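A.B. asks: One structure coming up, written as structure tokens, with questions to follow.
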Amino acid sequence: MKKLVGIGIGIILLLIFILNINEDKQKQLPSDLIIDESKKVLEQGEEGTALLPVNEDIEIPPAPPKMETGIFELDETVQVNMLGKSYHENTQVEFSDLRLVQVVYYGFDDLEHQGQLIVHKAIDQKVLDIFEELHEAEFPIEKIQLIDVYDGDDNRSMVDNNTSAFNYRVVEGTNNLSNHSYGLAIDINPLVNPYVTKNGVYPAEGTSYVDREVPVKGMITKGDVCYEAFISRGFSWGGDWKNSKDFQHFDIKIEGLNE
């Protein structure tokens, strides 16, 4: 019996000695090696246990690019796309008189979008400032595309509730050049802010929005943020006209151009 006890004590002492040696070796290992060994254990796991491999090259997806705003001269691609659509040969306005204004706005989906307008260079900064103010106020605009997307067809653009500016054309029902022809007018959300005359509503699809007492998203009313953003910078609103009412329309008079 004493012999067995002695053997047992010897085994215990031997185990303690081995453990102390391993601990000393662990202390002497470089920290990066200890980490590597730990990873191997984690990767291997216990027998019968599947662990996900350690991925040292996890890629964090980049943030979406910031939507930029700015004022640009019309490049050749834009000019070619405008010919025969929004732009026609004339003696009033040349391509060099126009600027492309890139803006950021909140759509009817409450998300940010990037849009483009073409206006006269005499008002390009005013227009950029207006749309920055509308963006800050989160005024909803359904879409802002160059009217060339609609082949220069103003009615198609209005039905699509598209906000646009330059378009060399006459005023509906007349032979007079529109202020859009000079790049000095902008139509905002034209479907829900229709042009109302004694001869009809334009676009006709906007008839249900003639009643201005029923508010809808994107509607312009006198004194609201959209109205004030334009009026404070020298524009006039078609909704203030005495006879016909052009609720979508803002224009500005510039000496030597349209007055």
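Note: Cβ is positioned from N, Cα and C throughout, glycine not excepted.
Pulled the feature table from TrEMBL, pasting it below:
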| type | residues | note |
| --- | --- | --- |
| DOMAIN | 173-251 | domain 'Peptidase M15C' |
| TRANSMEM | 6-22 | transmembrane segment |
A.B. asks: Count up the helix, strand and coil residues in the domain 'Peptidase M15C' (173-251) according to DSSP, in that order.
C.D. replies: 20 helix, 17 strand, 42 coil
A.B. asks: Mean pLDDT across the domain 'Peptidase M15C' (173-251), rounded to an integer, is what?
C.D. replies: 97
